[in-house]
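**Student:** According to Swiss-Prot, the active site, proton acceptor annotation covers Glu279. Look at Swiss-Prot and you will find Lys45, Lys46, Lys377, Lys393, Lys420, Lys423 tagged as N6-acetyllysine, backed by similarity to another entry. Feature annotation from Swiss-Prot assigns N6-succinyllysine to Lys46, Lys75, Lys377, Lys393, Lys420. Residues or ranges marked as site 'Transition state stabilizer' by Swiss-Prot: Asn180. Annotated transit peptide per Swiss-Prot: 1-11, in sequence order, evidence recorded as sequence analysis.
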Amino acid sequence: PRLFALHHSATQYFSAAALPSPIPNPDIPDNQLFISNKWHDAVSKKTFPTVSPATGEVIGHVAEGDWADVDLAAKAARAAFRLGSPWRWMDALKRGWLLNHLADLVERDCVYLASLESLDNGKPFQESYVLDLDEVIKVYRYFAGWADKWHGKTIPMDGEHFCFTRHEPVGVCCQIIPWNFPLVMQSWKLALALAMGNTVVTKVAEQTPFSALYLASLIKEVGLPPGLVNIVTGYGPTAGAAIAHHMDIGKVAFTGSTKVGHLIQKAAGNSSLKRVTLELGGKSLSIVLADADMDHAVEQRQEALFFNMGQCCCPGSWTFIEESIYDEFLERTVEKAKQRRVGNPFDLDTQQGPQVDRERFERILGYIQLGQKEGAKLLCGGEHFRQQCFFIKPTVFGGVQDDMRIAREEIFGPVQPLFKFKKIEEVIERADNTRYGLAAAVFTQDLDKAMYFTQALQTGTVWVNTYNVVTCHTPLGGFKEPGNGRELGEDGLKAYTEVKTVTIKVPQKNS
């Protein structure tokens with residue numbers, strides 16, 4: 001999700017002159033597994049290539065971890081969590097201090113980290129630097145402040161008893177990180193787990209491993225105890241599946257596809273009934289009423305869909321427009337999409353980079369062809385842009401019907417279908433007729449209508465006259481298939497602790 005209010009786009013928020021120069025060819029960090037504060041080859045000695053989505057060229061090769069490596073990482077994390085270990089003895093205030101120190105080091109190296117993200121992921125450098133790295137720093141600092149403020153309570157009981165609760169860490173927490181926001185999504189999970197006193201095994205996406213591996217070197221520089229954070233690179237069906245099935249792991253947090261989320265939930269149930277937090281995305285929606293500020297709504301919808309090349313968990317891929325303004329909204333949307341600058345991620349004027357890899361690139365082009373076959377009208381874009389790499393021009397479809405596959409299925413790319421509606425009751429019924437429910441937005445100047453939508457829409461988040469405003473302070477999660485649990489905010493911490501009830505018999509109790 002976009003990490004600040006979209007009434008300013010990134011290019012408006014910071015001019016190119018205000019940005020530091022990116023590093024187009026950053027040095028590649030250690031390409032091994034990080035276990036117990038040491039670098040290791042995979043047990044199998046296998047490696048796999050990482051490809052630049054902007055050029056199609058191999059950036060480097062990374063250790064291919066699998067079950068044996070996950071087992072070593074889990075054992076290291078379990079040892080770091082043992083009773084009496086330095087981590088278990090550490091004051092909560094000190095845990096917070098270490099997280100703040102990690103934020104300091106990320107801030108020190110933010111240009112390099114942003115350059116790694118753009119090289120590995122293909123996103124424009126200005127977004128990696130202005131949005132992603134800024135959010136990463138804020139997340140570590142925010143949850144550093146929670147480390148010594150999450151506590152239990154005393155509970156009045158009948159009889160001669162004194163009762164209190166303790167909030168204890170779950171233990172070994174595993175985190176499966178997606179490729180669309182590698183550092184951001186890692187911080188969303190790692191900061192909370194460490195603030196609450198857990199130890200961690202992280203499996204990073206095979207498409208985007210390098211920023212996480214560099215963060216491992218910063219974790220070591222901070223002085224976190226060995227085994228506290230372990231990072232495994234590898235593929236989902238091997239390393240990811242090993243995490244989901246491992247008996248010594250107490251919690252899994254996963255951000256990714258609905259299909260894989262189902263597999264992880266099933267594996268957790270078939271193994272140790274470990275806790276599972278799933279943020280699975282899907283299709284999110286926006287509803288634009290006739291009284292909305294047209295310029296603002298068009299701008300918000302463009303950024304909500306095309307930001308990060310459409311590779312977001314809640315990209316606003318359904319846009320319902322009231323019939324009386326549909327034609328004008330369509331015209332302005334197409335005009336703005338044609339103006340969007342697609343190109344080299346390291347060009348500071350670039351607004352859209354390539355898709356992350358060939359598989360996703362070809363999948364998106366397949367949906368564009370499918371939309372045309374189903375009868376939707378291609379109004380702009382839909383083309384491969386540049387050879388030997390994975391650019392797709394911003395694409396807008398009109399005349400889309402609710403039963404078309406481009407309407408029902410997650411595309412995860414720069415494809416914007418537009419729908420029209422006549423009545424509020426009608427659009428609410430259509431909007432809720434889906435298995436997804438992560439986020440929604442409504443654009444209107446009528447507060448009564450806005451409040452009605454916030455109550456009626458079956459989504460975990462509803463924005464009014466804005467989109468993708470996600471910060472470390474507020475919880476994020478979905479209804480229905482987008483998953484369970486919440487990330488971020490105070491609510492996000494609940495998944496990382498167990499509540500223990502302690503009851504003591506006392507000889508005399510007085511109020």
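Each residue, glycine too, has its Cβ placed from N, Cα and C.
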**Student:** Given the residue listed as 'active site, proton acceptor' and Lys75 (N6-succinyllysine), what distance in Å do their CA atoms have, once rounded to a whole number?
**Tutor:** 26
**Student:** With Cβ-Cβ distance below 8 Å and at least 6 positions apart along the chain, what are the contacts of Lys75 (N6-succinyllysine)? List them in sequence order.
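**Tutor:** Sequence-distant Cβ neighbours: Asp248.
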**Student:** Test of understanding: give the count of other CB atoms lying within 10 angstroms of the CB of Lys45 (N6-acetyllysine).
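**Tutor:** 8, counting other Cβ atoms within 10 Å of Lys45 (N6-acetyllysine).
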**Student:** Pick the one among the modified residues Lys46, Lys393, Lys420, Lys423 whose Cβ has the fewest other Cβ atoms within 10 Å in this structure.
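**Tutor:** The modified residues Lys46, Lys393, Lys420, Lys423 were compared, and Lys423 has the fewest Cβ atoms within 10 Å.
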**Student:** Counting other CB atoms within 10 A of each CB, which of the recorded positions Glu279, Lys377 comes out lowest?
**Tutor:** Lys377
**Student:** I'm trying to understand the geometry here, so how far is the Cα atom of Lys420 (N6-acetyllysine) from the Cα atom of Asn180 (site 'Transition state stabilizer'), in Å to the nearest whole number?
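**Tutor:** Cα-Cα distance, Lys420 (N6-acetyllysine) to Asn180 (site 'Transition state stabilizer'): 30 Å.
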**Student:** Which ones in the same chain are close to Asn180 (site 'Transition state stabilizer'), with CB under 8 Å and 6+ residues apart in sequence?
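**Tutor:** The answer is Asn121, Asn308, Gln311, Cys312, Cys313, Val356.
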**Student:** To the nearest whole angstrom, what is the C-alpha distance linking Lys393 (N6-succinyllysine) and Lys423 (N6-acetyllysine)?
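**Tutor:** So the alpha carbons of Lys393 (N6-succinyllysine) and Lys423 (N6-acetyllysine) sit roughly 33 Å from each other.
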